[in-house]
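Asks: So TrEMBL says this about it:
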{"type": "TRANSMEM", "residues": "9-26", "note": "transmembrane segment"}
{"type": "DOMAIN", "residues": "9-113", "note": "domain 'DUF2157'"}
{"type": "TRANSMEM", "residues": "90-107", "note": "transmembrane segment"}
{"type": "TRANSMEM", "residues": "112-129", "note": "transmembrane segment"}
{"type": "TRANSMEM", "residues": "168-187", "note": "transmembrane segment"}
{"type": "TRANSMEM", "residues": "193-209", "note": "transmembrane segment"}
{"type": "TRANSMEM", "residues": "214-231", "note": "transmembrane segment"}
{"type": "TRANSMEM", "residues": "243-263", "note": "transmembrane segment"}
{"type": "TRANSMEM", "residues": "310-327", "note": "transmembrane segment"}
{"type": "TRANSMEM", "residues": "424-443", "note": "transmembrane segment"}
{"type": "TRANSMEM", "residues": "473-489", "note": "transmembrane segment"}
{"type": "TRANSMEM", "residues": "495-516", "note": "transmembrane segment"}
{"type": "TRANSMEM", "residues": "531-550", "note": "transmembrane segment"}
Amino acid sequence: MAQRVVKTTYLLGLLFFVAALVYFFASNWPELGRLMKVGIGAGFMILFYGMSATVFRHHFLSKWLLIFGAITFGICVALIGQVYNSHADSFLLFFIWFIPTAMFAMFTRIRFLAIFSFGLLQLTFWFYYFPSSYQIERGEWLAFFILLLFAVINGIISFLGRPSIVSVLAYMATHIWLFVIFVHGISADQFHFWPYVYALIFVLFLIYVRKQPYFICTVLFAGMFWVVQYFRFVERHFGGNWYIFGLVLAAVIVYIGIYALRWMKKRSNGKIEKIFFVAFQVIVTGVASIITVGSILQLLSFWFDVFSPYWLLSISVFLFVVPGLLLKRWNDVVRYTLLAIGYILGAFSVTEVFFIVITVYIAVLFVVSWRMSAGVRTMTNVAVSLYFVMMMLDEWSDIRFTLFTVFVFYGIIYWITKHTYERLVFLVFSFATLLLLTSADLVVVDWAYVVWNILFLGFVAFVLFFRTNEKEQAIAWLYIFLFLALKYYEWVWNLLHKSMTLAIVGVCLLIVASVVQKRKSISLSFHEQKWLPLFVIIMLQVAFITYVTFDKEQHLQYGQQMKLQLEPIDPRSLIQGDYVRLQYEISTIEGMDEWGKAQVILRRDETGVHRFVGVYSLNGKRRDSNMYREGDVLVNGNIYGNTIIYGIETYFVPEKTGGDIQRHARFAYVRVSKTGDALLEKVSER
């Protein structure tokens, strides 16, 4: 117990301290210069690595100090992008971060680093295709092959990484990117051949991929694919009159689900994992119930122009809820589907029926379901809480009291129930409702807001320190991350002040953990670690930070300055703070439809602003080079159709100043190196 408390306290302290660094640098405090900011970031990175090497005999501390050192390297790369105005959330940021993190994972075999590096790779893919600081249009085939490449890379990782958690995650990512191709094709009216190929891929996966985690992932995405295809088919061929087909399809899905579960049980000799069994039931139930509810509502709207909510409630109760609760000998998939349909239909009539009627209905549901199986009880209690929230908000519109009441309800069920998965479900919901109470976007910022935040942290501490179930602790860690992410995006409290608070809390936790460890004479586990390859990686990280910083400073000092006209907007980066997105006059070239690396000619006009003259070269081949004159500036960029990206589309600003810059900034001052690379120096009204 004491050892677990010490380890948890150390980890919380490190987490809060690193979060404080992220908040601090994201605030873009103007009192610190560029080199000072980068120096502080690199200094903390070296400090984490040095302390990890110093306490290498204590495996737990050494491991997590190394992990947070790797995280701090990413913070440093993001910081360089911020102070020198590179693209916000650039895919290069995550790719550069990914390389040493993956190498650390390979040499240390630390699972967290493997998962974290895999996440960085997915962010690299995502922001490469969906950049946040500019918009580009790709050709149909180029877009298709890029997305397909992402899926193939993840498939290779999944195959080579077996058996491991990264292999499972990579398999899921493979399906996600394949599904992105499908959705992107629908939204952009492209890839018309893909649904047929995608269906064939699913058939092959279902035949040859048999291990449970992979199989259920295939079933999940196959279900999503066929549901979307079904709605597209009936909408295209039958318009809105698709309700009969929906009811038939839902029945077929349930039947296939029952048969598939029996087949999998038989094939595995009854050794099917519980979590797999539950997940498969949830997928079948969810898909079938959504289709059925849509069909029933469509059917009712076809029969009646206006139908009574009492009719809808009666249908939900007597045709679905009562059979689902009372017919205990029916197959679980059938019962869960009936209950899900009934509860969803009931939600459409909750606020339209007399308060006393719904109150009695909720009470009866709660009492009757309490002696049912854990699955039925869980579904019913979730429905009861949903109905209660809808009633409370409809009657009193007090979201704070409503959320707190639901939190108490979930907490009581979590505390008194004995079923493991039921406890986990309501622990998740308890944390979710309490987290919503800490949001300044939902509640008034007053003394109660502070109380809710303290209560949330207290609840997290209770689960981490006093609960022994590892799954419950994992849920608590997940919500502490979500809490820190939520606070990052709250505008009511400055990032600088948040960072100071988190730093103080983090340091205090580290001191407490150290004192308790010494007084209790707690010995942390010993582990041998070869530090030579890790030292080489760390030196390469330091060299990279030093070189890039030096190169950017030289660029600012000796690059040729030019003035560009712009049109800014104002969002917030994932980890780099507030920035202004810049749209330049020279970013769009009328009549151009090319892709690749370009070098454009800019010429200064009588007002001092540099204007676009022509494309000097495209993909290394001269194009309009005869238009170049002495005094013109050649600037490198990447062209996508008629849009050129110069790498200067983001300007980072101190917190809460982006709005003023957005309203007043009209020009950007840019430094161009001898090789044509542009670096944004400042924006100005004139």
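Here the Cβ of each residue, glycine as well, is placed from N, Cα and C on the backbone.
Note: TrEMBL annotation is automatic and uncurated.
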Asks: How does the domain 'DUF2157' (9-113) divide up by DSSP, counting helix, then strand, then coil residues?
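Replies: Across the domain 'DUF2157' (9-113), DSSP assigns the residues as follows: 85 helix, 0 strand, 20 coil.
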Asks: List, by number or range, the same-chain residues at least 6 past the transmembrane segment (495-516) whose CB is under 8 A from its CB atoms?
Replies: 2, 5-6, 9-10, 12-24, 26-27, 29, 487-488, 522, 577, 655
Asks: Using a Cβ cut-off of under 8 Å, list the residues of the same chain at least 6 residues beyond the transmembrane segment (243-263) that approach it.
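Replies: Answer is 219, 223, 230, 234, 277, 280-281, 283-284, 287-289, 291-292, 294-296, 298-299, 302, 331, 333-334, 337.
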Asks: Is the transmembrane segment (473-489) packed against any residues at least 6 beyond its ends, judged by a Cβ distance under 8 Å, and which are they?
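Replies: Sequence-remote neighbours of the transmembrane segment (473-489) are 12, 15, 19, 22-23, 26, 424, 427-428, 431-432, 435, 438-439, 456-457, 460, 463-464, 467, 495, 498, 572.
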